[in-house]
Amino acid sequence: MGIIQKIFYYHVSSAWNAFLAFLIVAISSIIYLKTKENKWDIYALSSAEIGVIFSAITLITGSMWAKGSWNTWWTWDPRLTTALVMWLIYASYLTLRKSLKTEKKARLSAVFGIIAFTSVPITYLSIRIWPTIHPNLEFSLMLPAKMTLILSITAFTLLYIYLFHLRTKIEKTKEKIKKLKTTK
């Protein structure tokens, strides 16, 4: 595989974390709708933003991989197409949140976040549902490559957790500032 093999570790780790982030959006949205506690809306927003970034990294590294493997930057392969649609759905989620100025923003965003999650299993299962040129992870890796992949996924997951912590802290601080301004 040569030099493009190194892209694999960023690509798979980013995809894993995009899926994880969008799962957190769905779970947080469900809990928000049940409890109406604003912290769950903050968790959903924070995770969606990070997920969109990881999803973009997945698309970019996937294009780099495609150029090296298939000699084209993009092909309308089912996995690539469903990953792009998933990214567009969550980018739309963020756009919806920014455009709503009502008290219903959190509730509408939560409903959208739950529905949007259906794109995650479709993207994940696309290589099993439709004919594809995209490799699946069932191919055998040599032990050093497996260890590197596990390390990479672990490092990216820790990065997600760190970014999630920072992003929720920022949003909670914004909320406190807003409350202070309204009490004056």
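Each Cβ is built from the backbone N, Cα and C atoms, and glycine gets one as well.
In TrEMBL, annotation is done automatically, which means it is predicted and not curated.
Keep in mind the model is a prediction, meaning the values are calculated, not measured.
Annotation source TrEMBL lists domain 'Cytochrome c assembly protein' at 5-134. Sequence annotations record features per position, and here TrEMBL assigns transmembrane segment to 15-33, 42-66, 78-96, 108-127, 147-166.
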Would you mind giving the whole-number mean pLDDT across the domain 'Cytochrome c assembly protein' (5-134)?
93
May I have the DSSP-based helix, strand and coil counts for the residues of the domain 'Cytochrome c assembly protein' (5-134)?
109 helix, 0 strand, 21 coil
